[in-house]
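Okay, structure first, notes after.
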Amino acid sequence: MARTTGPSCWTMTVLLATILQFVSIIAAQQTVLIEGTDRHNVSRNLTVDRYPSLYTGDFADCLNGESLFNITKYDAGYYADNMTVVFHLDGTTNVRQENLMLHLSLFAFGETIFDATLDPCKLEISSLCPLNANNPVEAWTAIEVTVSEIDIIPSISLDIPDFEGSARLQVFANSSQTEIGCFQAVLSNGNTLSHPYAISPALGGLTALAILSSFAAAVYGVSIPHMRTHYAHSFSVLVVLETFQTIYFSGALSVHWPSLLPAWWSNFAWSAGLIYSHELVESLRGFAGISGNASQVGGAGSNVINNEGGLIHQIYGRSLDLGPAAASQPSRRALAYNASDPYDYTWGGRPVAPGMPIPGTWPGFRGTLAAIRIPIAGAFTVGLIWWLVALALVVISVTAAKFCLDLLIRLKLVNKDGFAYFRTHLPGYLATSVLRTLLVASFPLLTLALFQMNLERPTGPLAIAAVVFALLLVGLGGLVAYACYFRLRFSKFQMGTDTIILEQGRLFKVLPFVAATRASTIGEKESATKRYGSLPFLRIHFVDNDPDRPRPSVHKDEAYVKRFGWLAAHYRRKRWWFFALWFAYQVARACFLGGASRSPLAQVYGLFILEVLAFIVFVNLKPYEGQRNAVVAVWMLGMSKVVTAGLSIAFLPDFNNSRILLTVFGLIIVVVQGFMVLAVIVLVVLGMISSWMSLHRNRETFRPQALDSIRISYYEHLQNKAPDMRPPPREEANGAAEPRSTFTVNSVRRAPKIEDDDDPETDVFPSLSNNNVPIQDVPPATRPRSRTNSVNSRYSVGSLPRRARTQRASWSSRDFAEWDAQFERPDSAMGVGTAGTAGTVGTSMRTTTAQGRQRSSSLRQIAHLNSHSSLRMQQQPDIRERPETPSAQRRPMSPPREVSEDKLEPFPALEIVPSRRDDETTGREMEDNGVSPVKETDGKQSGMPQPGEKEEEQVAVSGTANESTKDETADVTRGAAPTDGESKQQPTSEKEAEAEKTP
């Protein structure tokens, strides 16, 4: 029994302890309710620890550090459910004794929405009535407001994200009527677009997937040109990070931003290397020259009276020595949240870190950095450290990828042939990866370095910024220049005159626009578009020193791709030098953003002009080979930059625009950039799919099977884009559309005809049948007819006039031949011929008469050769049908020698003679795309012509052949049996048999 009762006692004990703990928690979290009435006279019970409709966040001293208080807690809020304004103030002071007056103001979108002057004595705030240095400051009060006082607060402000507002508390000394304290906190409604702890990791993971897919396209394969082709069509990591960096550095302009924009931009700070770490920022404060107390705000200092305060002598005018007791008074610190106190709350803010702007204001790049809690003085150092970490991660990741592939190949999980080149060239890939990472980091580091040099802070960060700026500008700039020189070292550039023609065009094929075209690209072509004028321009063209020297294109030059593929691989063959223009453009942007930060007008207007010019140039150049890269990097990113820079002009302080209007402009910028981010996300996913297809280019099967046809189309697209040749002009329609009738015939009146007076007894061509006999009453033929079935048609004679002659409904080729034989003279040259003679397709067919003259044979004999009896020739089973081409060979219109129709010999069998067809498209592929993108091992696949090879086709060239008439085609379709006259003649001798067999 002891063994059974023991566990039961322990179970009851644990259960009782759990219940007691749960009851104690419930008792500690007892909710206190109050009754409140809103502006619509609706009453309800409310908890005292609820969130206000508008409440404050971080706070700071708004007297530039000269307030005579050390404040550790300042909270204010507006409760719309009971129309109450509250504020809470904790801290210490060094003022011995003073009567005070308080002034509380709430601001929203640049307008004052609440303003009240408070007497601490009337509000029974004992710590402020009077103010004494021996007593800590602890003030809390609730102020009821009327509907008229809060009527100015718009209802939408309680719900929109990133409400722009602030709460300011000013303290005045009654003795001197001077402001001795000012504290300001940002005002918010709890809704925000700033989610750096959720959005940033998601975008970072997406970028990691883009890096993985691009890296896979770069390392898989054995042919360098082939690998470059697939890598060029993968979604560029440079484009992805450039998009995120551009979004964040939109806030680097020296203007007053609405609160919406810095909150939105904080989600992309990681792409610039600005990742907040409390330990890192705190450790760099001394090196960056940042001083101050992050646990409190104010300028009272540790002494009784701060001698550095500018209002000391004006307020007191007495001795500053207040004794050792006051000097030893410790500063009051904010208490932690007490869950057992029903009146405690969690929505309050904290003192801002030193070096940050005043809360509620977002001035330029300082305001943008404030959203991620990084002071501007330490931004460059933080960014540099994180980019160095990124370089180390790149080296480690590439090396780990190599050893992981070795392990997988050893385990026979991966085919070793696909990654053999990467595994044997690891040092080259490491150098390329590091240089590519530096290229991605060049723009943010240049911009941050210029900002650091404008601050004129301690010499340490300033010297590092100067060195990094020089290394990036000279180092990367030198590599870019050397890449251009390496390609052009055996050639030169020539400069000449050119003209830009302004003519009528359409933007996106819809909007009327002015198109600018260089005259050198038009040549002698005539254009029907309307021209508005022209501008003089310069033309720089490339001239090779030795035009006869064989030289591969830039993407086929393996030595160049190995050295500078990290620069030029993503660009078209004709725009391989675009990386130099791109780098110069990024340096110019960095100079405007970081170097011109002290001149807002020059900075904003200069950047806007630069973005417009860059967008126009990039659109006309079309530098990228892959469509996804071109859509984002040229179109979407370019338009986003132009829109952002253009709308940023309205944020300049000189214009003093309404903050509500500026918030609307900020919302437009967020929408434009948000659509761009969504496009990047979609294209990264598509890039992963295309890279997966690239990894399966040497396999016959692909999973899922539904995407196999898309995979083949993708390979063909790569093959067509790699040569970078101008597409052929569109073929015009063979004929114009038939005009539609614009009238209708309602009635017809018959007029007398000449045929009405004819006598049927004297007709030369008597009627072939009785018109009065119905079609179904005509008896079928009782004997084999020499005419085709179509001759017996009667449908065409039923509507003839009563006195009109009935002609034959249709005529076959044999009818023409028999008719010609009846009127042929026996002594004519046409009656004499040699049977079995045939010509060759494509030769000029002429016959020679007895007098030595040449004449073309008639269509009757040609049609006879193609009649049904002649079509019964022996067919070759291996004849390939040649596709229709513009240069297709025509059949002869007449035989080489005319023969008598009653002595026709069987048509000779066709003979297959090969001929070679010159294909321009294949020739271009041989010149510009020597490697097929489908399989790179041997470049040969069934069903697809290989670049550099001309297709060979078999065509029938022996014997005479011509197109049969429609009637004969109908006869063959119906399967009409040949008559006696159509059967071929049997050879009467051995000589005739041999002649019959020999063509």
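Glycine is no exception: its Cβ is also placed from the backbone N, Cα and C atoms.
Here is what TrEMBL says about this protein:
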SIGNAL    1-28  signal peptide
DOMAIN    52-194  domain 'ML-like'
TRANSMEM  202-223  transmembrane segment
TRANSMEM  235-257  transmembrane segment
TRANSMEM  384-405  transmembrane segment
TRANSMEM  426-451  transmembrane segment
TRANSMEM  463-485  transmembrane segment
TRANSMEM  576-596  transmembrane segment
TRANSMEM  602-621  transmembrane segment
TRANSMEM  633-652  transmembrane segment
TRANSMEM  664-689  transmembrane segment
REGION    721-809  region 'Disordered'
COMPBIAS  723-733  compositional bias 'Basic and acidic residues'
COMPBIAS  787-796  compositional bias 'Polar residues'
REGION    827-999  region 'Disordered'
COMPBIAS  831-843  compositional bias 'Low complexity'
COMPBIAS  844-877  compositional bias 'Polar residues'
COMPBIAS  914-927  compositional bias 'Basic and acidic residues'
COMPBIAS  989-999  compositional bias 'Basic and acidic residues'
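The stretch in 202-223, 235-257, 426-451, 463-485, 664-689 that contributes the largest number of Cβ pairs under 8 Å to the transmembrane segment (576-596) is 426-451. Touching of the transmembrane segment (602-621) and the transmembrane segment (384-405) is ruled out by the presence of fewer than three CB pairs under 8 A, sequence neighbours closer than 6 excluded. The average pLDDT the prediction assigns to the domain 'ML-like' (52-194) is 88.
Residue counts for the domain 'ML-like' (52-194) under DSSP (helix as H, G, I; strand as E, B; rest coil) come to 8 helix, 79 strand, 56 coil. Here the transmembrane segment (235-257) touches the transmembrane segment (664-689). Their Cβ atoms form 3 or more pairs under 8 Å, with each pair 6 or more residues apart.
Listed as Cβ neighbours of the transmembrane segment (463-485) (distance under 8 Å, sequence separation of 6 or more from its ends, same chain) are residues 380-381, 384, 435, 438-439, 442, 445-446, 448-450, 452-453, 563-564, 567-568, 577, 579-580, 583, 587. Between the transmembrane segment (664-689) and the transmembrane segment (426-451) there are fewer than 3 Cβ pairs closer than 8 Å, counting only pairs 6 or more residues apart in sequence, which means the two stretches are not in contact.
Sequence-distant neighbours of the transmembrane segment (633-652) (same chain, 6+ residues past either end, Cβ-Cβ under 8 Å): 236, 239, 242-243, 246-247, 250, 253, 255-258, 600-601, 604-605, 607-608, 611-612, 614-615, 618-619, 622-624, 661-662, 665, 668-669, 672-673, 675-676, 679.
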